[in-house]
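Asker: Please find one structure pasted underneath; my questions will follow.
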Amino acid sequence: MPPLSLLIKPASSGCNLKCTYCFYHSLSDNRNVKSYGIMRDEVLESMVKRVLNEADGHCSFAFQGGEPILAGLEFFERLMELQRKHNYKNLKIYNSLQTNGTLIDESWAKFLSENKFLVGLSMDGPKEIHNLNRKDCCGLDTFSKVERAAELFKKYKVEFNILCVVTSNTARHVNKIYRYFKEKDFKFLQFINCLDPLYEEKGKYNYSLKPQDYTKFLKNLFDLWYEDFLNGNRVSIRYFDGLLETILLGKSSSCGMNGTCTCQFVVESDGSVYPCDFYVLDKWRLGNIQDMTMKELFETNKNHEFIKSSFKVHEECKKCKWFKLCKGGCRRCRDSKEDSDLELNYYCQSYKEFFEYAFPRLINVANNIK
């Protein structure tokens, strides 16, 4: 097989935070089993062995949640042991982890650094913005713990990105958020659209990101980013980087920006495999990694159905001048009714207005980084 990438949930939906906008919480609430607990050692070894035996060239293990840190440091030390044990083909192995940061201490930071993990740290901006939606299970603020995690990552030279969820509130404070990240010298940023629960009415929650708010957010963020670029202070913002890749290469490395789905091989802690992190539902369970090869999982009827359903292009997109840049966007923003065709992207108008506003400057950046 070609190189393989997995998204793994070692603690299932378990988390020590209770973020108001958590999309995975809403997904797990709609499964027969809300949480599968911590991944057992036999599942971990079976997964590692299978991937290293079947992949060619390199492979990627990306740990998410819930909160993956809840699996414990010993779990990840065991992961490293198993990767060494079963890597007979001498593959290049990439490990990454997404965390809320509240449980990071010196030992965790040291481990992540020594084992070259790329880390995504969830932080929504300065204290008053971050704490609005990201509280722990007791309703307590989490900002100081997350800021401490960032300091430890810098101390131990852990490579990390900042993951910022864009809500109605954060969209209105993009200047304050960007300045804060700049003051902290965070150079790699991902701004992630806040998702309303799947198949619920969009825009009904206080945190819901409405199209008009997203339009303003993109324009304001781009102005700040572009000014820094002109001043020789380039900041990596994943969405803008993805647009530049599309302009220069015809496609993006970011999932959701190429218009059609691929199989992401999302592995729940019991070994169940799903095609996408946004669809870890009983309906889309492909099988179990303990019982099936990666090729068998990929070739299931459910996976083919999931991927094929993303191919249909909306009639509005066919005549849109921005389609080659947008490609219809992420499936999750086109899916509003269960068992029906995908619709026009919820943020279609936002993207149209943003492209009209920013495209000439995007081309200028692209020409300067060729």
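Here the Cβ of each residue, glycine as well, is placed from N, Cα and C on the backbone.
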Asker: Considering the S-adenosyl-L-methionine binding residues Y21, G66, S122, L195 given in Swiss-Prot, which of R31, R134 is annotated for that site as well?
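Answerer: Answer, per Swiss-Prot (S-adenosyl-L-methionine site with Y21, G66, S122, L195), from R31, R134: R134.
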Asker: Within 10 Å of the Cβ of L195 (S-adenosyl-L-methionine binding site), how many other Cβ atoms are there?
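Answerer: I count 21 other Cβ atoms within 10 Å of it.
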Asker: Taking the Cβ of C19 ([4Fe-4S] cluster 1 binding site) as centre, how many other Cβ atoms lie within 10 Å?
Answerer: 20
Asker: List the binding-site residues among R134, C255, C317, C326, C330 whose C-alpha is within 10 Å of the C-alpha of C19 ([4Fe-4S] cluster 1 binding site), in sequence order, or say none.
Answerer: R134
Asker: Tell me the Cα distance separating Y21 (S-adenosyl-L-methionine binding site) from C326 ([4Fe-4S] cluster 3 binding site), rounded to the nearest angstrom.
Answerer: 25
Asker: Going by C-alpha distance, which of the binding-site residues Y21, S122, C330 is nearest to C348 ([4Fe-4S] cluster 3 binding site)?
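Answerer: That would be C330, nearest by Cα distance.
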Asker: Suppose you look only at the domain 'Radical SAM core' (1-227); what would the mean pLDDT be?
Answerer: 97
